[in-house]
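Asker: This is the structure I have questions about; it appears just below.
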Amino acid sequence: MSESTTYECMKYRNEGINRALEALRNGKMIQIYDSDTREGETDLVIPAKAVTYKDVKWMRKDAGGLICVAVDPVASKQLRLPLMADIVREASKTSESLGDVVEKDGDLKYDSHSSFSIWVNHRDTRTGIPDLERALTIRKIGEITEKSLSGDGVRFGNEFRTPGHVALLRAAERLLDERMGQTELSVALARMAGITPAMVVCEMLDDENGKALSKENSKEYGKEHGLVFLEGQEIVEAYLQWTGARC
Ligand SMILES: CC(=O)[C@@H](O)COP(=O)(O)O
Ligand SMILES: [Mg+2]
Ligand SMILES: [Mg+2]
C-alpha cells in the first residue's frame, strides 16, 4: 500500500475528519479538544511547515496559551529530542535542588507524563520571541522533521539552540496507544493527512474567567472563524480506521 493511496482512498465516516485532513493538507488551522476527562482544553492546531508570523500572532492573540510544536515519535528519536523530565531527572543526580522538582508519577492529574521536550530557537533568530522569529523556528522544525523522516542524516544542534522560545513536544512512542494529548492527536492527524508530522498546538484561554476556553465557547469561536473542531475520541476512532486501511 503506497502512501499516496492511503490518503486518496481514505474517506472517513466522520465528515469532520475528512474536512480536518483537507484543511491540514492546505496548511490551515483547525481546533482539537482533548477530552472532558483529560485537560478539557481546546488547542488551535496548524502544520509547522505552513506557519507564518500571522499564524503566530493569531495563536498569541486569540488562543493565548503556549505555542508548542509536537513532533512525531520516529522523528523525535532520530533527532534525539529528550523529554524535559528525563533531563531534569538526570541533572538531579548531581544537583540537590532539582531533586524536588523532578516530574513524578501522579504529578499530572490528567495523564501519566508530560510531553515537553526542550525549548529551542533557530540559529538564524536573534532573540527568538518576535512573531517573525518564532514562525521561522517553527517552520524550520517542520523542515528538519521532514528531512529526518526522509532519511537525511540531519543534526538538530546544527540548526537550533536551547533554551529558546518554542517548546518542543515529543509524541509518545506508541502514539495514541500510549497518550491522547494534543501532542499525539495532532501528530496522528498529520500521519493520516500525509503531511510532515510536526504540528503547532496552542491552548485557547478565556480572557473573562482566567480558565481554559470552554468546549462550547471554543466551538463557537470555530464556527465564527470557519475552523474544523475535532474531539480527541473522533481522532482516535479515525486513526484506528486509518491504521487498518487496505487501499
Ligand atoms: C499544548 C499543550 O496542551 C501541552 O500540554 C502539551 O499537550 P498535551 O499534554 O495535551 O499533549
Ligand atoms: Mg497542556
Ligand atoms: Mg493539551
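Backbone N, Cα and C define each Cβ position, glycine as well.
Note that the structure is a prediction, hence the values are computed from the model and not measured.
Pulled the feature table from TrEMBL, pasting it below:
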- Arg38, Glu39, Asp43, Arg179, Met180, Gly181, Gln182, Thr183: D-ribulose 5-phosphate binding site (BINDING)
- Glu39: Mg(2+) 1 binding site (BINDING)
- Glu39: Mg(2+) 2 binding site (BINDING)
- His165: site 'Essential for catalytic activity' (SITE)
- Glu203: site 'Essential for catalytic activity' (SITE)
Asker: Using Cβ atoms only, which residues of the same chain lie under 8 Å from Arg38 (D-ribulose 5-phosphate binding site) while being at least 6 residues apart in sequence?
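Answerer: Listed in sequence order, they are Tyr110, Asp111, Met180, Gly181, Gly232.
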Asker: Give the residue from the recorded positions His165, Arg179 that has the most other Cβ atoms within 10 Å of its Cβ, counting over every protein chain displayed.
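Answerer: Top count of Cβ atoms within 10 Å goes to Arg179.
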Asker: Suppose we screen the recorded positions Met180, Thr183, Glu203 by Cβ distance to ligand 1 with a cut-off under 6 Å; which survive, in sequence order?
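Answerer: Going through Met180, Thr183, Glu203 in sequence order, those close to ligand 1 turn out to be Thr183, Glu203.
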Asker: So how far apart do the D-ribulose 5-phosphate binders Arg38, Glu39, Asp43, Arg179, Met180, Gly181, Gln182, Thr183 get, largest Cα to Cα in Å?
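Answerer: Across Arg38, Glu39, Asp43, Arg179, Met180, Gly181, Gln182, Thr183, the widest Cα separation comes out at 16 Å.
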Asker: Write down the Cα-Cα distance for His165 (site 'Essential for catalytic activity') and Thr183 (D-ribulose 5-phosphate binding site), rounded and given in Å.
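Answerer: So the alpha carbons of Thr183 (D-ribulose 5-phosphate binding site) and His165 (site 'Essential for catalytic activity') sit roughly 18 Å from each other.
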Asker: Please list, in sequence order, those binding-site residues from Glu39, Met180, Gly181, Gln182 with the Cβ less than 6 Å from ligand 3.
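Answerer: Close enough to ligand 3 are Glu39, Gly181, Gln182.
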Asker: Over all shown protein chains, what is the count of other CB atoms within 10 A of the CB belonging to Gln182 (D-ribulose 5-phosphate binding site)?
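Answerer: There are 28 such Cβ atoms around Gln182 (D-ribulose 5-phosphate binding site).
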Asker: Of Glu39, Arg179, Met180, Gln182, which binding-site residues come close to ligand 2, meaning Cβ under 6 Å from one of its atoms?
Answerer: Glu39
Asker: Looking only at C-alpha atoms, tell me how far Glu39 (D-ribulose 5-phosphate binding site) is from His165 (site 'Essential for catalytic activity'), rounded to the nearest Å.
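Answerer: The Cα atom of Glu39 (D-ribulose 5-phosphate binding site) is 23 Å away from the Cα atom of His165 (site 'Essential for catalytic activity').
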